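Note sheet for the following structure.
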Amino acid sequence: MDLISQKHNNKNSNTTPLTQPPTSSRYENQKRRDWNTFCQYLKNHRPPLSLPSCSGAHVIEFLRYLDQFGKTKVHNQNCPFFGLPNPPEPCPCPLRQAWGSLDALIGRLRAAYEENGGAPEISPFGSSSVRIYLREVRDFQAKARGVSYEKKRKRVNNQKQITQSDLQPPLVSQHQQKGQSMMAKYHHSAT
């Protein structure tokens with residue numbers, strides 16, 4: 001039954017229309033796609049891998065596989081533009097997955113792994129080898145692209161010094177004074 005005739009039938013009967021399930025968030029959709037991609041990668045692996053036999057090394061292999069689809073230029077150490085944030089001309093250096101994309105991907109895969117029954121303490125996505133790999137990718141890309149990924153320190157708010165003007169009541173504008181005087185006259189005449 002198509003949607004138009006279904007609406008027509010619902011209009012003529014005393015039934016309420018079916019409610020649609022809530023739409024998934026963009027994050028949930030991306031997490032599901034990433035999980036399906038990883039599971040497909042395991043299935044196509046030679047030899048095929050099962051999820052319980054997957055290790056941090058397999059996750060790193062998957063991340064390296066994804067580099068072929070990357071869009072971030074990462075200069076080799078022998079490239080004349082190594083360390084320049086804005087190279088003046090193109091070079092033959094490869095495109096790779098950006099560190100931030102890989103980091104976000106691992107976060108989504110970790111969450112999906114746990115949602116699919118995996119224990120967090122044995123998650124291959126949380127292994128020390130994956131964390132070290134991501135740190136190395138971040139550091140190398142920072143050097144190669146001339147971008148700093150240093151953590152920003154939190155600023156401590158200095159106590160505002162109280163001045164004499166802070167202790168005085170705020171000035172009332174001429175417009176507010178006029179309104180206040182009109183209200184006083186109104187109250188005076190009403191009583």
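Positions of Cβ are set from backbone N, Cα and C atoms, glycine also.
Database features, via TrEMBL:
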type	residues	note
COMPBIAS	11-27	compositional bias 'Polar residues'
COMPBIAS	158-180	compositional bias 'Polar residues'
DOMAIN	26-153	domain 'ALOG'
REGION	1-29	region 'Disordered'
REGION	151-191	region 'Disordered'
Across the domain 'ALOG' (26-153), average pLDDT on the 0 to 100 scale: 91
Secondary structure content, the domain 'ALOG' (26-153) (per DSSP, counts of residues): 77 helix, 4 strand, 47 coil
